[in-house]
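According to TrEMBL, the protein has these features:
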type	residues	note
TRANSMEM	20-40	transmembrane segment
TRANSMEM	46-62	transmembrane segment
TRANSMEM	99-121	transmembrane segment
TRANSMEM	133-151	transmembrane segment
TRANSMEM	163-185	transmembrane segment
TRANSMEM	229-247	transmembrane segment
TRANSMEM	268-284	transmembrane segment
TRANSMEM	325-343	transmembrane segment
Amino acid sequence: MSQVQAPLAAQPPVPRMLQWLKLLPGTGLSGVIALAATFVSTLHGGPQLLFALFFGVAFHFLSQDARAKPGIEFCARGVLRLGVGLLGARITATQIAGLGWTTALIVIAAVVTTLLCGTLLGRRLGLTRPQGVLSGGAVAICGASAALAISSVLPRDKDSDRFTLTVVVTVTVLSTAAMVLYPLVARALHLPPELAGLFIGGTIHDVAQVVGAGYTIDQATGDYATIVKLFRVSMLAVVVVMVSALFKRQREAAAEQHHGSKPGLVPWFLWVFVALVAINSLGWVPPGLQHQLSDLSRNCLVLAIAALGLKTSFQQLAQAGWRPFALLVVETLWMAAFVLIAIEIEMR
């Protein structure tokens, strides 16, 4: 009898292993789509995240297989949060301190007013307050990455994933357009390198597009634009905590409705973000490891976007209508105008 019970005593760990195995089909599917997006982006150029999204949506029918759903959900939430946390590997306190008070205040004011613009105008357009905050945060901070981070602490409903993907698509397109147009604006206004860098880094949505636009002008502009942009990215932690606190009751109500655990005020990935900024600022992260963590962050975000795309159909994206697009365009124009006016005042 004891010989029979011994093997039975070793069985409890098996269900946990089975849970991990259940993630493999969906995670593998998301990974293949992310690799395809990376290959096309590398071969032909273009935004990697946008390719991952559209490829995912194109294969939406595969997400209906029950075997794929756990892994897709894991990538869309767990891997997403890890990717956002690892963004902290790009930032140091020295970079931020080197900007000076004037530049820092201009960027902070631009971020805050853009968030307010999104919230107020969103309500006028018939969107919910979480949707206005999400769109404003995406434009104000770092495009698709900010949209994904902020969406993870907002109360969830049946339209959450669709609206988040609509924001990701639109903000990526607008960021690419800005990468082409804003250097022309900077040249037309004869902005010196530092102010051109402030304009580029303080307004364009995604880090990659800021780098592309800044170095199109010259080396000095590209360097300064990158630092300004990283300062905006560093504000992600503050904004996510504020949004988390603002919508805490709604998230708790949604969690109780779905019999889930109550979410904490500060999500774990923000602790990772802040810890990496602190460790990086102390010089404890070698440059090689810093680049590897940055690449890992990007890969996690591409994988998460592919998974979100798999969860959404083209029909669902089309149902979002014109209002999110209009709101994001206005927010983008507002931020550009605000920074240019501040630069004009600074030049006097």
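Even glycines carry a Cβ here, placed using N, Cα and C.
As the structure is a computational prediction, the values presented were derived from the model and not from experiment.
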- prompt: Mind checking which residues reach the transmembrane segment (20-40)? Cβ under 8 Å, same chain, six or more beyond either end.
  reply: 46, 48-49, 51-52, 55-56, 59, 62-63, 65, 67-75, 299, 302-303, 305-307, 309-310
- request: Look at every Cβ pair spanning the transmembrane segment (325-343) and the transmembrane segment (99-121), keep those 6 or more apart in sequence, and say whether at least 3 of them are under 8 Å.
  value: yes
Query: Would the transmembrane segment (99-121) count as touching the transmembrane segment (229-247), if touching means at least three Cβ pairs under 8 Å and pairs must be 6 or more apart in sequence?
result: yes
Query: If you count Cβ pairs under 8 Å, which stretch among 133-151, 163-185, 229-247 touches the transmembrane segment (46-62) the most?
result: 163-185
- line: Long-range CB partners for the transmembrane segment (133-151) (under 8 A, at least six residues beyond its ends), listed in sequence order, are 49, 80, 83-84, 87, 110-112, 114-119, 122, 127, 160, 163-164, 167-168, 171-172, 174-175, 205-207, 209, 229, 232-233, 235-236, 239-240, 243, 246, 269, 301, 304-305, 324, 327-328, 331-332, 335
